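*Asks:* I grabbed these lines from Swiss-Prot:
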{"type": "DNA_BIND", "residues": "250-541", "note": "DNA-binding region"}
{"type": "COILED", "residues": "680-711", "note": "coiled coil"}
{"type": "COMPBIAS", "residues": "67-77", "note": "compositional bias 'Low complexity'"}
{"type": "COMPBIAS", "residues": "329-339", "note": "compositional bias 'Low complexity'"}
{"type": "COMPBIAS", "residues": "722-733", "note": "compositional bias 'Polar residues'"}
{"type": "CARBOHYD", "residues": "919", "note": "N-linked glycosylation site"}
{"type": "CARBOHYD", "residues": "1043", "note": "N-linked glycosylation site"}
{"type": "CARBOHYD", "residues": "1065", "note": "N-linked glycosylation site"}
{"type": "CARBOHYD", "residues": "1129", "note": "N-linked glycosylation site"}
{"type": "MOD_RES", "residues": "123", "note": "N6-acetyllysine"}
{"type": "TOPO_DOM", "residues": "1-768", "note": "topological domain 'Cytoplasmic'"}
{"type": "TOPO_DOM", "residues": "790-1151", "note": "topological domain 'Lumenal'"}
């Protein structure tokens, strides 16, 4: 231990302050000197600016030391032992956050402690001599923080100061410390302290003092902080950085320089005198309510202060892991300056920061190679930046310094940093400050720092120590920009439009293996750096409001708020605005681009979706906005409009009321945008109105035409009645007499048709009317004559299947019994005026199963017949000449019947088997007609026995035209499409050998005779508009109530598999169902026979459409049944209900 006598102590004291007679007794406090003289061992005292070299020493006990730099402040954790105990033994005095009395900030050559606590002497910094009787002036605004590597005067040290030297020259890395013991266990016992020494201490040292940490509550029994989740610590750290400190009590205190501090012992009074203190004292947060207070500190060492004194080192801020998230942490100490609510107050215009180049930020990893959460990082500009309303930017004077405070919260204990080359071990952390140009961010602006002698030197990065789970506060002061911005001069008292700006960048970087990696960085708003006095630029009367170039006008540069001090637009008014004129908006086409016409239909839809409501504003909002709360309003809701028209709604940030209530993300509506939507909607309504007017005009014209036609009909009826009741001489009288009574009517009609009545004479009109009446009378007489002639012709000729059957000319007798399978008929070949003779076979169903007579009808088509009496042939040939299809001579079937299909039921259908017969002609020209021999074979499809089924949900699609019988479909108003399919196969044919079905008339009971029988009123083939009427009925009782059989001729050129549609109409709603499809011949094509019918569905309504197909047979028959609504059934049991059967027999004309 170095022994210093009293004389040398006095010499050191006075040399350190250079007073030389300038000191007065009232300005000197010699209490510290007197205490040193009176005490035997004053090893716990620390003198400023000791000129003689001293040996290094380290404190190995658990008591924290006084911070060596005013800018780095740490708070020791409560209950967890001393702060250095978390990271092993304390580092030597050159520690980056030094725990001794020097202020070398890691830049002094302080080596590690040697064994025994001694080491080489540290060279003192030479002091600049001062003139006798004078004191050095304080630097500008001496209340600022002076935290930067202390400027060393040695040239070789100045040349070698780099971030690398900061890491290795200053302090040994804290990453090399052993892991700390658990917080709930006491730290290792402190070893005996080595002999202390007093290194060099700078004169003008300004430090910020923190109050002593109070005794906090002890941890709960058995509660281990390491077992708690890591995210709670992260939330606490983030809460610390964002903590609003408005509720903390503040007490203003006077700023004092270190040279004015009275010498005293190292207690709280002496520390408050030596250390510069910001306005407001530090207040600890209240204790946790569930903790019982107990002393958290370990046994005090030799240098530990008493219970009422202040520790020499206020350690870093630590968030207790046991503290629940969201509540104030008992381990946090906040000063009312840095964490006060002044920075959060929107009225306080402080410079804002935002992250800078986040894509270049590196990631930290712990010793287990696990990625650590992102550290919390916040930057505050405490001093030096003033907001200029005229320039709308922050202004910094180059000769005045600024100050920056950084809060860094480290989550976890980092050991490695992730680089493009992989993980690298960390050496140290440091802060780097520099400026950039707004127009060129790659151009860097150097930052300078003023010294105590008012000299400026380049600012070097600041080495910081970041313990885990703590927040470190670093304050860097007395900073200056090395240059000013360009174009600072005003033009005519207004801001220069070519003004250039700087931005300040504060970055936290990590050093690893001679490389620097950015961990976090923030960049400030635009800054104007001026070299002149701000009084030359700022003027409260000229800059804010001044006269403009136009007479009687006032100019203001910036935003204007009326009844509000936070305008976010050019003009914000809280209250009503009365405008006697108009509001103008720019609308010149020359100032617009991408002009596109809108769809007014969509605008009408959007307007129709908007909801108008009546409402009143809440009283707290009305008071803040300056409007009346009781006045009812009508308008829209912004949230609803945002869903319909997002561009009409804008977010204006948080709305704070006078009572403190806040509406986050307050929404406002652009009513001008909604007005334009209304314009488009009105245009669309105009279009609809024009269309309606056009249609109304058309309807009016049609109504006028119908009125004219009705008047003409009335005139015609009057003329025809006069023609039939009077003689020819009375026609003129009937036409002239009413003329005298109708001049106004004729005049009104002529005025509507012809504008000039003089152009048409009265005599011309009379003649025209008489001529019309005569022509009408002649037409009526002609129509009557033709009708009488047609009735007589129909009596002579009987219409059968589109041709006339001449019963008197052809012999239809000789129907004698023949063997089963054929019949014989003779027809004379006479020279009548008939065309091609056609032999057809029309079976007559009887009740006898064994004997089935056949009727051979000789039908001819007249070469010349009366108009309207000819039967139309179904001819659907699209190309001429049409090839003859399915007209080959019929083949003789084998005597044995075919095999029955699997779906065949022989008890349902019986097709007649005609008996073989011969056809003899007359004596002159008698020809034996060919006999068709069909033995017990009748091809057909039947659904007899299949009951009524409900509607199926899954309907099969229609078959392709290649299928012989595509899906049948009946169309009605309330009937779905129905279908049945099947590609014909030879083996799938169904044979009908049972007795014939009895008709409904035979099976009905007497009680049903009085009930109305459902029937069809009209039948038509839609494809060629061919109506099927009674002309297609066969002679006899083929068409009678309850059973209608139509014989429809098909031309030989009609292609096979042609799909047609039967349109069946009824006067009342009925049900129609397809019961069977039959044919008695062999098919014309192999493999073209339809399969068995599936279950059919009836169609209901008054209009029914059923698809049918021209099959590959010469003859085939469709059987439909019409019944009451919902009672259609093809089974024999359904015959007791009123029903009507319709048979459509198609046959080819192959002559």
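Even glycines carry a Cβ here, placed using N, Cα and C.
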*Asks:* Who are the long-range neighbours of the coiled coil (680-711) in its own chain, taking Cβ under 8 Å and residues 6 or more past its ends?
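*Replies:* Same-chain contacts beyond the ends: 598, 600-601, 603-604, 606-608, 749, 752.
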*Asks:* If you average per-residue pLDDT over the DNA-binding region (250-541), what number do you get?
*Replies:* 70
*Asks:* Using a 10 Å radius around each Cβ and counting other Cβ atoms from all shown chains, which of the glycosylation sites 1043, 1065, 1129 yields the largest count?
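*Replies:* Result of the Cβ crowding comparison: 1129.
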*Asks:* Once the DSSP letters are reduced so that anything not helix or strand counts as coil, what is residue 1065 (N-linked glycosylation site)?
*Replies:* strand
*Asks:* Does DSSP give residue 1043 (N-linked glycosylation site) helix, strand or coil?
*Replies:* strand
*Asks:* Could you round the CA separation between residue 1043 (N-linked glycosylation site) and residue 1065 (N-linked glycosylation site) to a whole angstrom and send it over?
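*Replies:* The Cα atom of residue 1043 (N-linked glycosylation site) is 17 Å away from the Cα atom of residue 1065 (N-linked glycosylation site).
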*Asks:* From the Cα of residue 1065 (N-linked glycosylation site) across to the Cα of residue 1129 (N-linked glycosylation site), what is the distance in angstrom?
*Replies:* 19
*Asks:* Kindly assign residue 1129 (N-linked glycosylation site) to one of the three DSSP-derived states: helix, strand or coil.
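*Replies:* Its secondary structure by DSSP: coil.
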